[in-house]
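A.B. asks: Have a look at the structure that comes next, please.
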Amino acid sequence: MDLYQIIYFILWIGISLDTSLGLPQLIRIGGLFGYGEDPSIESAFRYAIYKINHDRNLLPDTKIAYDIQHLPTFNSFKAAKKACKQVNLGVASIFGPQSENLAGHINSICNFLEIPHVETRLDTRADVATSYSFNLYPDSSVLSRAYLDIIKYFKWRKIFIIYGDQTSLLLLQDILKAPVNNDVTITVRQASKLNMREVLKEAQKKKFSHIIADLNIDDTHLLMKAALQIGMIDSNYHFVLTNLDIETLDLDDYKYNFVNLTGLRLVTRDDPDSRIILDEMAEYQRRHGVALLNKTDLIKTEAALMYDAVNTFAHALEGADKSAKMRLVNLSCEENEAWSDGSTLYNYLNLVNKPKINEVSNEYRGLTGPLEVSQGVRTDFNLDILQLTSNGIEKVGYWNPQEGINFTVSYDAVETRFGNRTLIITSIKERPYVMEKKPGDKKFVGNDRYEGFCVDLLAEIAKIVKFTYKIELVPDDTYGAPNDKGEWNGMVRQLIDKKADLAVASLTINYIREQVIDFTKPFMNLGISILFKVPKREKPGLFSFLNPLAIDIWLYVVAAYFVVSFLMFILARFSPYEWYNPHPCNPDTDIVLNNFSLGNTFWFAVGTLMQQGSDINPRAVSTRIIGGMWWFFTLIIISSYTANLAAFLTVERMVSPIENAEDLSKQTKISYGTISGGSTMTFFRESEIPTYQRMWSFMSSKKPTVFASSTEEGIRRVKQGNYAFLMESTMLDYTIQRNCDLMPVGGLLDSKGYGIGTPTGSLWRDPISLAILSLQENGKIAMLYNKWWRNTGTCSRDEKSKDSTKAHSLGVANVGGVFVVLVAGLSMAILVSCVEFLYNAKRNATKEKTHSCAGSSHFHKQSLCTELAAELRFAVRCHGSSKRPALKRQCSRCVSHTAEPPNPINGVRSAREVQRRHSHLHVPPHSPHDSENGNGYYNYPEYIDGGNHMQYKETKT
């Protein structure tokens, strides 16, 4: 149960003990009006009582009488005497006056005598809730919030405030506190009828385009006239008028100059009930000739509040009539006696429009909206937001304490206001968004000078929103960024200074720009990417056949080869099953043989690795296990190698030194930068990501500068090499479509969008946003993108990608390394053969041999040259046969005495100790007898008769 329900319950308990309930048949109220006040306020007071007394449903058994006193504005003593005169008449409440000087004294009297004091003026006192004041005028602190919300909505950062008196600043107290918490510049000037032009000229000179005027209705009219005279009534200026009666002003001289004029209205003219009341007032005014409405049948706020105040009082009496007994008393200001029922009536005033309890309260909705007052202060109300259009003042939104500001401007309203207006469009030359047409036979003028994506998009939007436009390039050729002093340049500055209505270009929506201008919905989404020069395609190389396996795998294979070979040798020596009888027919032999010598084990391992096999195989289980595992190992290795070999030999690869932003940040060899003064530069400067902070530190400290003055310069530096350009992905896409030697690196570094910029508070924002959404849904923007990006490109990235992965025929560059290995192997074999030849010749030459010649024995030592010549002759005499007698060496003395060879030493003839010379033999050294005789036997020469004769003997091989 809330406070009001408790009060109702207490009143009901107290009153239920008294059976005589109701109101007197006549209740008097007092009205105090100053001599200089608007007469419509007094007329509204009289008319409201007239309507109540003629209403059969409201207070049918009670009539309201009134006493009106007129007060001198600056004579509080006379005002107090006239108020005391009404008190002596036994009034139930006093209404007015509007003057702040007089209202304070009247309120003190009512508070002392506990008589409700009903007011309809702006009250600036801090202790209103502790008095008997009941004020229907919106609370000043709540109104101040309303104006602050409007300023926040328009995103104003530079404001010029004009006020009339000290009390006016109370309405702007929240705005005046704004610079403490926000980056807002405010200049405050007091104005009067004498210096109005001078104050406006100061604002004009200091380039203030946002002006708040807190003046009375007459001074507000003078302000607008002065602004018109000095040329401030145009689209470059925006006025916010705090007076709630701007609708009653004659604004015909201003509505065709496209000035931005915003105000608030408390009177709910659009409400059907309010419309009925105003129509009845107009009819009453015509019949009785009273001043209730102006010439256009509009009522001022204070007059409407007075009408609502009297009706609220009547509804409070109705509640008291049903549940309380009220006794009117003639009081005196000179006696210390208060009205006993005054607090009861004051409580019923605060309970109007509160939740009902026992049918105590009635609902009432007046000319100023819902009337809900708490402790005499009105904190809940609705305000209409008004905007000056070509049709006059129109409602474009509303504000209330619960929801805040809400703009409800319709498409048709904006279209009506801005129809046939030529907008100034600021832009910047940037391919493919805005480009100048190449001059040809036809000379282009006006907007026809330009072409591009944004030009086409602007034309489509203009068709939907219905406006004409003129494209002007920004003078400083920049997008817009603040300097160290917070001053903006580029297109953003054009919008801030109201020199342009729209900024249509590749303008990025970001936080810092959104603080000073407005953006439409993004027409294109994008991010920052890296542009880099396409690296040269890397040829496979002579030794590319090694690439399928990493270098460490090759080392592991070599290590495995040696380990397996040595382990095979060791296990073969230890295993008894690897030793076998070389002559199975002679089981009694004492000799056993082992095939796995150290050389043979290496030959076995390499033969298996090369998939060629070997002439020896393991016999024991242990060695067979090693062999099987080695075969399995080589199977997998060779299969994997073969599977990858084709790709490495046939596909040319591009190896880029950088793959992403992280690679860029960790090196200094390749320079990188952004366009100077753009949103990309701002992104890196404001980023809190460590990688981007390192990149910004590098870019900002690099000398000479790595920042490009334009996109074209950045692209040119990339083409020169050793430079990466950080740019927006859409522009990068356009660039690589026309430069086949450029490519993107990595993914997007962020996500953002391009939008159309408007001055803060511009009514063009919402209709253009709707037009952009419509163009996105029907695919028009996608068609424009394909037109300016894809269809005009010269590089087909898809075909290049397919071509880069397509297999090509192998050339020398692909498999040349295999030939190099073959030549190297052949050369090594020749070299080893030569070494073997020389080594054997030297060994034979230095060996001392015993010869028997002519019946005597002697020692002989051959010279190296003679031995070499003999070995060479022996090696080159092939005669087509693969078999021949062994070479026997003799001394020169033996050769001169006999042709018969000496007896073998120790009865054993060496294969190398047989030498055939044509002078000693009667048969040629390679006679047919040296060959196989057809029976599996060979004819070898043998010495008989004590070595003096030689015969051939068949010997089985």
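Glycine too: its Cβ is placed from the backbone N, Cα and C atoms.
Curation does not apply to TrEMBL; its annotations are automatic.
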A.B. asks: Since TrEMBL lists T508, R513, S679, T680 for L-glutamate, which candidate among E451, E460, E472, E728 does it give for that site as well?
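C.D. replies: L-glutamate site check in TrEMBL: besides T508, R513, S679, T680, the record includes E728 out of E451, E460, E472, E728.
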A.B. asks: Of the residues C333, C454, which one does TrEMBL pair with C84 through a disulfide?
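C.D. replies: So the cysteine that TrEMBL bonds to C84 would be C333.
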A.B. asks: Please name the cysteine among C740, C834 that TrEMBL pairs with C795 through a disulfide bond.
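C.D. replies: Candidates were C740, C834; TrEMBL matches C795 with C740.
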A.B. asks: Greatest CA-CA distance (Å) over the residues T508, R513, S679, T680, E728 that the record ties to L-glutamate?
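C.D. replies: Comparing all Cα pairs, the maximum is 17 Å.
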A.B. asks: If you take the centroid of the Cβ atoms of T508, R513, S679, T680, E728, the listed L-glutamate site, which other residues of that chain have their Cβ within 8 Å of it?
C.D. replies: Y479, L507, N510, G678, T682, F683, K752
A.B. asks: Quick check on the recorded positions R513, R685: which one has the highest count of other Cβ atoms within 10 Å of its Cβ?
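C.D. replies: Result for the most crowded candidate: R513.
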A.B. asks: Secondary structure at C795 (disulfide bond) (DSSP, helix/strand/coil)?
C.D. replies: coil
A.B. asks: Which one of the recorded positions (C84, C333, I658, C740, C795) has its C-beta surrounded by the most other C-beta atoms within 10 angstroms?
C.D. replies: I658
A.B. asks: Measuring CB to CB from S679 (L-glutamate binding site), give everything in the same chain under 8 Å that is also at least six residues away in sequence.
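C.D. replies: Expected: Y479, A481, T508, N510, R513, E728, K752.
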A.B. asks: How many Å lie between the Cα of C84 (disulfide bond) and the Cα of I658 (site 'Crucial to convey clamshell closure to channel opening')?
C.D. replies: 92
A.B. asks: Treating G and I as helix alongside H, and B as strand alongside E, what does DSSP give for the domain 'Ionotropic glutamate receptor L-glutamate and glycine-binding' (432-497) in helix, strand and coil?
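C.D. replies: For that range the per-state counts are 24 helix, 13 strand, 29 coil.
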A.B. asks: Three states by DSSP: which one describes R685 (site 'Interaction with the cone snail toxin Con-ikot-ikot')?
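C.D. replies: In three-state terms, R685 (site 'Interaction with the cone snail toxin Con-ikot-ikot') counts as helix.
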A.B. asks: What is the interatomic distance between the Cα atoms of T680 (L-glutamate binding site) and C740 (disulfide bond), given in whole Å?
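C.D. replies: So the Cα of C740 (disulfide bond) lies 24 Å away from that of T680 (L-glutamate binding site).
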